[in-house]
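Peer 1: The structure under discussion is supplied below as C-alpha cells; questions concerning it will follow.
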Amino acid sequence: SGGSGGTMASESEAQRALQYEQTLMYGRYTQDLGTFAKDEAARLRLQEGDTPRPHRPSELLEYTQGRCASCRVCALQCQRFLISKVGEDWVFLILLGLVMALVSWAMDFAIATCLQAQKWMYGGLDTNVLLQYMAWVTYPTVLITFSAGFTQILAPQAVGSGIPEMKTILRGVVLKEYLTLKTFVAKVIGLTCALGSGMPLGKEGPFVHIASMCAALLSRFLSLFGGFYENEARNIEMLAAACAVGVGCCFAAPIGGVLFSIEVTSTFFAVRNYWRGFFAATFSAFIFRVLAVWNKDEETITALFKTRFRLDFPFDLQELPAFAVIGIASGFGGALFVYLNRKIVQFMRRQKTINRFLMKKRLLFPALVTLIISTLTFPPGFGQFMAGQLTQKDTLVTLFDNQTWAKQGLSDEFEYLGILEAWRHPRSNVFVTLVVFILMKFWMSALATTIPVPCGAFMPVFVIGAAFGRLVGESMAAWFPDGIHTDSNIYRIVPGGYAVVGAAALSGAVTHTVSTAVIVFELTGQISHILPVMIAVILANAVAQSLQPSLYDSIIRIKKLPYLPELGWGHHEKYNVRVEDIMVRDIRYVTLNCKYRDLQQVLHSTKMKNLPLVESAESMILLGSIERTQVGALLSNQLSPHRRLLTLRQKVLSEDGHRLSDSSIRFQVRGAAILGDARSRCPPPTSPYHPIPPQISTE
C-alpha cells in the first residue's frame, strides 16, 4: 500500500506541474509542453531505476582511442551531420527542381531544333512543290513513328499523358513500372520526338509524369543516405510536390502549377505539402528561365508569351457579356472535345477487324494519323487557310497580339510582321481563316491525342481556345470599329485580351480546373484581364462539368484504372447507395480449421485471385487474405514426394506414439497454433494473419 501511495502522489505532482492559470490577457499553461514531456520522461526513468546514458555514444567509443582520436570523431560527426541534412525536405526539393528545370530546358532546346530543321527543309525546297510536300509530310511521320516504336519497345507505360496514372497512384494504388528509370527515359525521348514533329500535341501532362518519376528515382537514390526515403507516406508527399514542379517548369508558372496539380491530381490535399510544392515549383521555374537567359534566348527573366495590352483601360464593362459568351461556348466546346476524344478511342476498340490489324501493325496507326494531319496543314495546300506553317508557340504569339487585324489589317510597325503574315490570305479575310483553323485543329487535336506516344492535350486545347477568343475579339472590333464610347473617351477593342480569355476558358473546361486562369496570367505576364478571365473560366467549368467528365477522368474510364471518380451533377441520389447494396455476398472463404478437402473445393469452385481468411464459419471474423497462387504452392509443397517420405520417416522414428489426426491443414495467427498437439511442429509466421505452411500427415 505504501508503494501504491507513493506512485499516486508522484502522478498527482506530475499533473500539478502542467496546469492552466488565468492571466490578465489570454491565460497560459505553467510550463511548456515539450519541456514538461522531457522532465516527465526523465522522472519516469529515474523512478524505474534506469542508469543514465553515457555522454558519448557507444558507437563512437572505438574512434576515441589512438592517435588523432578527436579528429576522427569530428570527421564522423560531420559525416553524420551531412547525411542528416541530405535527408531534409528542402534539399530534396532543390534537387528535384534543378533536375526538372534542366530536363525541361534541354527538351525545349531539342524540340526547337527539330522544328527549325523542318522549316529549313521546307524552305530549301521552295523551287519544287512536290519535294516540299514530301519533306513536310515525311519528317513528322518519321519522328512520330520512331517515338511510338521506341516507347512501345522500351516502356509502354510512357504512352499518353500520365496525369490519369498519377491521380490513381496518389490515391494509394500501386501501378507497376510507372515510376521507373526505363519509363523516364522512354517518356523524355518519346515526348521530345513527338513535339518536335509539329503535331498538335502538348507537354504539360507528360511533364507531370516526368517530374513524378524524377521524384521517385531521387527518393530511391537518396535512400542510400537514410531509410526515411523508404517511407511510403513520405514518397506520396513528394509525388504531390513533383506534380506541381512538372507544371511549374513546363510553363514557368509556379503558382498556377501548384494550384493546377492540386485540382487535377488530388481529391483531398494535405496542407503540409503546400510549401513543398511552392518551393520546388518556384525554384524549378526560376532555373528554367535563367537557362533561357544564359542561352541568349531572352534578355532577362520574362513571361513565355509576353503581351502588350494597355493597362489604363484594358476593357470596358459593356464587354463583359462577350466574355461570358466565350466562357459558356468554351464549356460546350470542352465537353465536345472530351466526348470526341473518347468516341474515337471507343470506335477503334469496338471495330474488331481494325483493332486486330492495328495490334499487329502497331506503327501503322500513328504514321497514318500523322500523314493525314501533315497533309492538311501543308502551307501551299489547305494549310494556307489555317496558318499551317506556324508552330504552336508562334500561333500563340500571334493570337495574343494586341493589334486589330480585321479593321486595320497588319500594322507595318509591329515587329512580328513575318509571323503575322501567315494569317492573311488574298482570297479570304481573317474570319474565314480563324474559323477554318478552329474547326480543323479541334478534330485534329482530338485525333492526335489518341496516338500511342507520350503526349498531352493541354497546349492544343489552349491554342484552340485562344483562336476562338481571337475570333470573338475580331468580331467585336468589326462591330465597334471606333471602340465602345465611355464618357466621350474612345477605347478600341483589344482582340488579344479575348484570346487570353478564350485560352483559359477552353483549357479549364477540358480539364475541369479554375487554375488555368492563374497559368494564363503567369504565361502572359499581365493580370489586367483578371475579371473577364475568372468569369469565363467559372462559366466554362459550370457548363462542362454538367455535361462530361474531365479529360483525365475520361481516360481513367477508358483505361479502366482502379480509381473512383467524383460524382457529377445530377447524380446526388447515388450518395445514398451503400456498400452492402453492391457487394458480392456469395464469396468462398478459408477458415482456420478447414481440411484439405475444403481447400480443394474452394480452389475448384472460384476463380478469385485472393481468398479471405476468417476465424470460423460461425463468427466470420476476417483475419486477412491469402493469394490463390500461394495456397496452391503450399498444397503442392506439402504433398510433394519428398515431404511424404519425410513424414513416413518421422512416423517410423516416433517413439511417443503421438500421431497427427486426419489429413488436415493448420494455420497460425499471431503465434498461436491450431490443434494443440501440433503446436510445437508449426513454424512461426512471417507476419500477422499470414498462413504458414501446413502440416499434413498420411496414415
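Glycine too: its Cβ is placed from the backbone N, Cα and C atoms.
TrEMBL: automatically predicted annotations, no manual curation.
Feature list, courtesy of TrEMBL:
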{"type": "TRANSMEM", "residues": "90-113", "note": "transmembrane segment"}
{"type": "TRANSMEM", "residues": "133-155", "note": "transmembrane segment"}
{"type": "TRANSMEM", "residues": "238-262", "note": "transmembrane segment"}
{"type": "TRANSMEM", "residues": "274-294", "note": "transmembrane segment"}
{"type": "TRANSMEM", "residues": "320-342", "note": "transmembrane segment"}
{"type": "TRANSMEM", "residues": "363-382", "note": "transmembrane segment"}
{"type": "TRANSMEM", "residues": "458-480", "note": "transmembrane segment"}
{"type": "TRANSMEM", "residues": "500-523", "note": "transmembrane segment"}
{"type": "TRANSMEM", "residues": "530-547", "note": "transmembrane segment"}
{"type": "REGION", "residues": "678-699", "note": "region 'Disordered'"}
{"type": "COMPBIAS", "residues": "682-699", "note": "compositional bias 'Pro residues'"}
Peer 1: For the transmembrane segment (133-155), name the stretch out of 238-262, 320-342, 363-382, 458-480 with the most CB-CB pairs under 8 Å.
Peer 2: 363-382
Peer 1: Mind checking which residues of the chain, 6+ beyond the ends of the transmembrane segment (238-262), have their Cβ under 8 Å from one of its Cβ atoms?
Peer 2: 92-93, 96-97, 100-101, 103-104, 166, 169-170, 203-204, 207-212, 214-216, 219, 269-270, 273-274, 276-278, 280-282, 284-285, 287-289, 303-304, 511, 513-516, 518-523
Peer 1: Sequence-remote contacts (6 or more beyond its ends) of the transmembrane segment (500-523), Cβ cut-off under 8 Å?
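Peer 2: Answer is 247, 251-257, 259-260, 262-264, 303-305, 307, 323, 326-327, 330-331, 333-335, 337-338, 396, 399-400, 457-458, 461-470, 472, 529-530, 532-534, 536-541, 543-545, 549-553.
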Peer 1: Pairs 6 or more apart in sequence, C-beta under 8 angstroms, 3 or more of them: is that satisfied by the transmembrane segment (530-547) and the transmembrane segment (320-342)?
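Peer 2: Yes, these stretches are in contact.
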Peer 1: Of the listed stretches 90-113, 320-342, 363-382, 458-480, which one has the most C-beta pairs under 8 A with the transmembrane segment (274-294)?
Peer 2: 90-113
Peer 1: Who are the chain neighbours of the transmembrane segment (90-113) in space, where the CB to CB distance is under 8 Å and they lie at least 6 residues beyond its ends?
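Peer 2: For the transmembrane segment (90-113), the nonlocal Cβ contacts are 188, 191-192, 195-196, 203, 207, 210-211, 214-215, 218-219, 222, 238, 241-242, 245-246, 249-250, 276, 279-288, 291-292, 295.
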